[in-house]
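Everything on this sheet refers to the single structure shown next.
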Amino acid sequence: MTQTFSIIAVTLVCLTTVAVGGLGLRLSRRTSDFYVAGRTVSPRLNASAISGEYLSAASFLGVAGLIYDEGVDLLWLPVGYTVGYLVLLVMVAAPMRRSGAYTLPDFAEARLGSIGIRRLAALLVVAIGWLYLVPQFQGAGLALQLVTGAPQWVGALIVAVVVALAVGAGGMRSITFVQAVQYWIKLTALAVPAFVLLALWMRSGSATPEVPVSWAEPFVAVSGDDHPVYRSASMMVALCLGTMGLPHVLVRYYTNPDGVAARRTTVTVVALLGAFYLLPPVYAALGRVHLPSLPTGVRSDTIVLQLPGQVVEGIGGDVLTAMLAGGAFAALLSTASGLAMSVTGVLHQEFIRPRLARLTGGDAMGFGGFRVAAAVAVIIPFGLSRWMEPIGIATTVGFAFSLAAATFAPLLMLGVWWRRLSRAGAAAGFIVGAVAATAAATATVVAAPLSGWAGALLANPAAWCTPLAFSVAVVVSLATPGSVPRDTTRVMVRLHTPERIHLDHSRLID
Amino acid sequence: MASSLHWPTAVVVLAAVLLVGLLRWVAGRGRRRGFLSTVDRVTYQTLHTASLASRHLSDGLTPDAADKAGRHLLSILGARAVAICDGAGLLGWTGPGEHHGPDAHAHASATRLSGTLTVLGSDVLTCSDPDCPIRSAVIAPLLAEGKVVGTLTAYAPAASAGLARATGELARWVSAELDVAELGRTRTRAMEAELRALRAQISPHFIFNSLGAIASFVRTDPERARELLLEFADFTRYALREGGAFTTLAEELRNVERYLVLEQARFGERLQVSLLIAPEVLPVRVPYLAVQPLVENAVRHGLATKEGIGHVTITASDQGSETEISIEDDGVGTSPELVQRILDGQSRADSVGLGNVDARLRQVYGDEFGLVVETAVGAGTRVSFRVPKYAPGVHAD
């Protein structure tokens, strides 16, 4: 019975995604009223959309699994996922919006006026997008395996195909309303079973879980050489600074009409995410109560999906499991579509269209290049997800965040706040950060399992990669004052001047 | 297998391979730049120096340009010093003997008057310093549109026939570069003038018709007449405003709405308008007055000459990194050949700014972002264009 319900839920979610993708524009509001132009997207709606796109399989399944595995240390994880937006709010949200950039490469070009750095940023967007897509595919495999028993690659393939279709059809562009609804679907799908499980737990006598000390106490190493404090700190650095480098999140800021709206949106996002992230620890703790040990071969990432079946007998458990499976797929699909869309856009704009245009003499305005880009954007991370199978969902997401923190954080923060950033400095910091973070991630995957300091440093590279990239960018910038863009002052004034001040006339208007 | 890998070795080997690859690449680049003969090299160097100099001349004759281009001109000529003057005085002196600078303008007076090449010998160029290389001068005129705008002087210990010919040729080349620079500035001015012209081009028909429509409401519905007058005031203020060349799509659409309110006062139920605007694209920056002329075109040519009800549909949709804006009417349409002529600038007949909008879009975003017009006689018209969400140098003011 569980299978039937779950398959129905998952199919429903997939079909809806493809349908929305196919319908495209028709779903955006249709009206013949006058004064629609005044109705820009409100910060609240946009915040729901950002949250809907941001909450991925890692949040839906991975966080609970990690807390279940590792204990209270990992309670930092949901905090980190949320607090990244606080950094975004304080440091970049409004200036980024005022720069007029749509994507991260756009910002690099607007600030530094260099096509070379634009290309570098585009490469990094593709890399981060792919790295973030991998765990979505893995999550799909896990979820489908658990509820239907299909091998892992089937779920990944289904998500890959659905996303490729949705993006290639030209849909799922950035329909704010659809993504906003996704957030509330995900919240409901996770909250309702959580409250049912909590109620049952309280009625059955509120048993405390039997856990080892390393689970219940913060920063107690499982083995002697584990460095839990460093791991947690590095993870926090990655999440705090990596959020601003996620390509599918930043493009949504363009929808805000001005910098003030961008800040309001971010505040609402923090609230919405805060509410959502209260739930995964509930699953982790209840998991410790009801499933003290997992059968061999079952990954802790699936704890959320297993719990209802353990606790609730009969059809009730089936319905709750189906709800969670559907929610997980919704999370996967919305994040994966957003990412695939960003990656496809960058691939098409930066790498495929210029070449096509050269081949066909500038006449290739058709949709073919875009579909090729969509296929490439999905196939490569699908391949990677097969290769990186043994690594947990949240760990892969951690690499994506580390890479973003080591590359885009220096570029954005120095770009927004430091006038002496030079082109050479930005490029050097960017390359050093990218190489260091990629090398660490590759080493962890290839040489797993490593232990001791080497393992800790390579598995959580953000704490050393990010300062390294920052200092390289600063030192090289100071050494090459000649390559500071000439219009830096003008750009900085535009980034930091509130919209209500008219630059032309330098007077306040209301 | 993975655990048997020796990490330090692997890293070192990888780094070595990368380094060797990099070196070979760099070496390969260097080889490709190699030349076969001395003549090749000299030709290349001269052309290269000239192209460097021409970059500085793109702003016309300025002290800064004279300073920077002078260095390259000096190395082409092989003289000891080069001076560039305009009609008023010395712009730049490159090379030794700078104490002659104040006299350079006087040296060139003959050339300025006659417009021909002059050679001055050591009888004119006296110097108390025995080591000074400035003993003779070749002065060539710099012409722009046939008039002398400045002079190029080459100073050397002795003026040879070769130096005189080289200086004359170089001055002619610099003159050509100055003409090109002037052409570029003229083109920019023409574009600006065209934009100003489009701004002033609120069609007289529209003013006349709007005021007529408002007048007809003054007695029957004074409140409506007042509202329409206010709309009219806002519309003219927007269309005649001073300021930047870009605005947000929201602003532009707001102005289109004002325009349509006024047109509906005149056409009444005959004009049906629907807007399909994706709210995501409202903050996108578009060239100022890019949409309104197209809507006016649709109303005037699509509907005004037609009997019965006419529909105008304005769509703005989100296409990822671009926005597509289209204006569709079900009016009488027109022949594609005529539209082609209008867009080519051959026929300006009666089209409100279609060619102008097209030209401005292409100028700002590049040729692939021009207007797309789909039409046929009796089949209505659909005009659409795409705008990238981000383009370098485009900001709303």
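Cβ coordinates come from backbone N, Cα and C, glycine included.
Heads up, TrEMBL stuff is auto-annotated, nobody curated it.
What you are looking at is a predicted structure, and each value in this text was computed from that prediction instead of being measured.
Annotated features, as they stand in TrEMBL:
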- A:6-25: transmembrane segment (TRANSMEM)
- A:45-68: transmembrane segment (TRANSMEM)
- A:74-94: transmembrane segment (TRANSMEM)
- A:115-133: transmembrane segment (TRANSMEM)
- A:153-171: transmembrane segment (TRANSMEM)
- A:183-202: transmembrane segment (TRANSMEM)
- A:266-286: transmembrane segment (TRANSMEM)
- A:319-343: transmembrane segment (TRANSMEM)
- A:364-384: transmembrane segment (TRANSMEM)
- A:390-414: transmembrane segment (TRANSMEM)
- A:426-449: transmembrane segment (TRANSMEM)
- A:461-484: transmembrane segment (TRANSMEM)
At a Cβ cut-off of 8 Å, and with pairs 6 or more apart in sequence only, do we get at least 3 pairs between the transmembrane segment (A:74-94) and the transmembrane segment (A:45-68), yes or no? yes
Would you call the transmembrane segment (A:183-202) and the transmembrane segment (A:319-343) in contact, using three or more Cβ pairs under 8 Å, pairs 6 or more apart in sequence? yes
Most Cβ pairs under 8 Å with the transmembrane segment (A:319-343), selected from A:45-68, A:115-133, A:153-171, A:364-384, A:390-414: A:45-68
Sequence-distant residues near the transmembrane segment (A:426-449) by C-beta distance (under 8 Å, 6 or more away from its ends) are 108, 112, 114, 116-117, 120-121, 124, 127, 131, 387-388, 390-391, 399, 402-403, 405-407, 410-411, 414-415, 455, 457-459, 461-462, 464-466, 468-470, 472-474, 476-477
Return yes if the transmembrane segment (A:364-384) and the transmembrane segment (A:115-133) have at least 3 CB pairs under 8 Å (sequence gap of 6 or more), otherwise no. yes
Can you work out which residues elsewhere in the same chain, 6+ from the ends of the transmembrane segment (A:390-414), have a Cβ less than 8 Å from its Cβ atoms? 56-58, 61-63, 65-66, 77, 91-92, 96, 104, 107-108, 121, 124, 127-128, 131-132, 134-135, 138-139, 142, 235, 237-246, 299-301, 421, 425-426, 429-430, 433-434, 436-438, 440-441, 444-445, 448, 459-462, 465-466, 468-470, 473-474, 477
